[in-house]
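Undergrad: Right, I'll just put the structure down here and ask away after.
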């Protein structure tokens with residue numbers, strides 16, 4: 001007797017976004033290459049569209065022009081009337097929703113891969129928005145297994161009060177890819193290679209799924225966001241302490257109560273309180289200083305997926 005499995009429609013339309021943040025150059029570099037020569041991302045039966053998401057920010061090599069494109073893709077912004085006063089990125093989100101959405105509709109693209117770099121020491125990271133999505137859990141399991149022994153982490157951003165309105169959420173299956181550490185405005189061959197492999201394995205998985213391959217039940221370890229931690233600040237809002245050397249570059253590693261988090265210039269150490277071990281991510285991310293986020297605390301858990309097979313076969 002076969003295990004109960006989920007059948008899904010074959011995946012047809014895929015987009016690969018680069019330049020959502022214009023100074024995260026790996027995605028920009030890869031997408032520009034694939035716009036010229038897309039042989040390596042094509043698979044039989046799939047329509048794969050590479051796309052530069054924020055061309056003005058890419059041209060200026062800056063994260064964004066008016067506001068963060070990866071934070072404005074909610075229905076309120078997408079529904080605003082077009083006007084001169086709208087921030088550039090809100091207009092751009094509406095254009096992207098028109099091209100690849102509409103969000104939450106049957107007509108939207110099946111999958112959007114959104115390529116990002118982080119200045120944090122996070123290695124290969126997949127962003128998951130829905131812990132109940134068997135298809136994505138299976139895909140992430142496949143990518144992790146294919147990349148081994150190179151580690152690949154899964155960051156689960158489900159949270160009751162932290163609302164993520166990512167640009168990839170226009171698609172039925174949003175996939176965020178973060179690879180670091182890489183400074184803003186810089187390219188690194190090792191990071192390029194890792195991101196390229198993640199996309200290759202993802203497309204291979206989708207192709208095999210469409211061909212009727214059954215993927216048996218699987219489990220993956222994920223790191224679920226719990227809360228964001230700001231730097232210590234004075235009354236004027238200025239930072240008064242920096243990430244402690246023991247925490248710097250230690251993304252995904254356990255941080256225990258009593259471990260140092262920050263240190264001041266006069267050598268005072270600020271320790272993690274509470275009684276829970278957490279796993280820090282986006283430690284000292286350059287782009288998050290403006291968001292008042294020194295790192296995010298996560299908790300580690302296991303997600304299970306049923307077996308899946310395409311209903312096409």
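Glycine is no exception: its Cβ is also placed from the backbone N, Cα and C atoms.
What TrEMBL records for this protein is below:
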type	residues	note
ACT_SITE	178	active site, proton donor/acceptor
BINDING	21, 24, 116	Zn(2+) binding site
DOMAIN	11-206	domain 'Succinylglutamate desuccinylase/Aspartoacylase catalytic'
DOMAIN	219-299	domain 'AstE/AspA barrel-sandwich hybrid'
Undergrad: Work out how many Å separate residue 178 (active site, proton donor/acceptor) and residue 116 (Zn(2+) binding site) at their Cα atoms, rounded off.
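TA: That separation, Cα to Cα, works out to 5 Å.
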Undergrad: Can you break down the domain 'AstE/AspA barrel-sandwich hybrid' (219-299) into helix, strand and coil residue counts using DSSP?
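TA: The breakdown for the domain 'AstE/AspA barrel-sandwich hybrid' (219-299) reads 3 helix, 34 strand, 44 coil.
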Undergrad: Please give me the CB contact count at 10 A for residue 24 (Zn(2+) binding site), counting all chains in the structure.
TA: 28
Undergrad: Could you tell me the mean pLDDT the prediction assigns to the domain 'AstE/AspA barrel-sandwich hybrid' (219-299)?
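TA: Over the domain 'AstE/AspA barrel-sandwich hybrid' (219-299), the predicted model scores a mean pLDDT of 97.
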Undergrad: Does anything in the same chain, at least 6 positions from residue 21 (Zn(2+) binding site), have a Cβ under 8 Å from its Cβ, and if so what?
TA: 54, 57, 63, 64, 68, 69, 70, 116, 117, 287
Undergrad: List the other residues in this chain whose Cβ sits within 8 Å of the Cβ centroid of the Zn(2+) site residues 21, 24, 116, in sequence order.
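TA: Apart from 21, 24, 116, the close residues are 19, 20, 23, 27, 63, 70, 115, 117, 118, 178, 287.
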